[in-house]
Amino acid sequence: MVNDLTPHFEDVQAHYDLSDDFFRLFLDPTQTYSCAHFEREDMTLEEAQIAKIDLALGKLGLQPGMTLLDIGCGWGATMRRAIAQYDVNVVGLTLSKNQAAHVQKSFDEMDTPLDRRVLLAGWEQFNEPVDRIVSIGAFEHFGHDRHADFFARAHKILPPDGVLLLHTITGLTRQQMVDHGLPLTLWLARFLKFIATEIFPGGQPPTIEMVEEQSAKTGFTLTRRQSLQPHYARTLDLWAEALQEHKSEAIAIQSEEVYERYMKYLTGCAKLFRVGYIDVNQFTLAK
């Protein structure tokens with residue numbers, strides 16, 4: 001357990017508050033910034049992102065009137081889908097000012113009696129009881145030293161039949177890379193340092209074992225783990241392709257340096273997923 005549970009606002013805002021207009025250049029219309037799920041080969045990126053959201057929500061056992069907490073809610077696509085498909089109330093947490101403003105605007109435009117809130121806050125600051133929790137692409141930002149606290153908080157606010165769906169990038173230990181026959185190259189070391197310092201400051205993907213062991217210690221039971229590894233390589237390929245197609249706009253919105261940095265990040269990460277250095281998994285955790 002760590003004593004200071006202040007959310008990592010600065011680390012997250014350094015990436016996600018770059019510019020909504022910039023992210024729109026390469027994300028799909030739902031503005032979902034995580035691995036898509038290509039159920040069919042002919043799916044568009046938008047269709048595959050909705051399929052990923054449906055895959056995650058479908059594992060939660062949602063019932064009308066329940067309250068769903070979305071930790072690291074991004075631009076709100078998962079919550080809007082949950083309202084539309086499951087008639088549930090939603091609460092979203094984000095550390096990004098841009099995302100919070102975008103989600104609030106989209107909520108204000110919805111015609112529904114269901115309760116919908118977005119808070120500029122981290123899970124560390126949230127103590128309300130909820131029925132289900134979904135977290136897609138946020139756990140990587142928490143830091144290894146907060147895993148135990150995160151699972152304890154999730155367990156505390158869920159009911160006896162509660163479910164947490166955790167979708168996160170997962171990494172390998174150095175020994176696991178050796179065991180899998182993956183070379184520990186200078187390019188790999190430099191690229192991982194680049195990601196940690198210039199793209200996702202503070203980011204620390206867990207290993208699969210970390211998630212399973214820490215969640216179990218808190219009282220969660222892993223009922224399913226599903227890897228989407230090849231799907232993330234394809235997602236990143238499509239993001240890189242879209243950003244490249246909008247190069248002049250990207251440079252106008254940000255700069256050539258930012259454009260080149262993001263192209264390096266997107267193409268390099270696609271390679272990591274394709275080769276197998278990193279994975280992405282959905283963990284279904286029952287209380």
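Cβ coordinates come from backbone N, Cα and C, glycine included.
Here Swiss-Prot flags Cys269 as active site. Within the same chain, the residues at least 6 positions away from Cys269 (active site) whose Cβ sits under 8 Å from its Cβ are Ile195, Tyr232, Leu236, Ile278, listed in sequence order.
Residues or ranges marked as S-adenosyl-L-methionine binding site in Swiss-Prot (evidence: similarity to another entry): Tyr33, Ser34, Gly72, Cys73, Gly74, Thr94, Leu95, Ser96, Lys97, Asn98, Gln99, Trp123, Glu124, Ile136. A helical conformation is recorded for Lys97 (S-adenosyl-L-methionine binding site) in the three-state DSSP classification.
The binding-site residues listed here are Gly72, Gly74; among them, Gly72 has the most other Cβ atoms within 10 Å of its own Cβ.
Of all residue pairs in the S-adenosyl-L-methionine-binding list (Tyr33, Ser34, Gly72, Cys73, Gly74, Thr94, Leu95, Ser96, Lys97, Asn98, Gln99, Trp123, Glu124, Ile136), the one with the greatest Cα separation is 22 Å apart.
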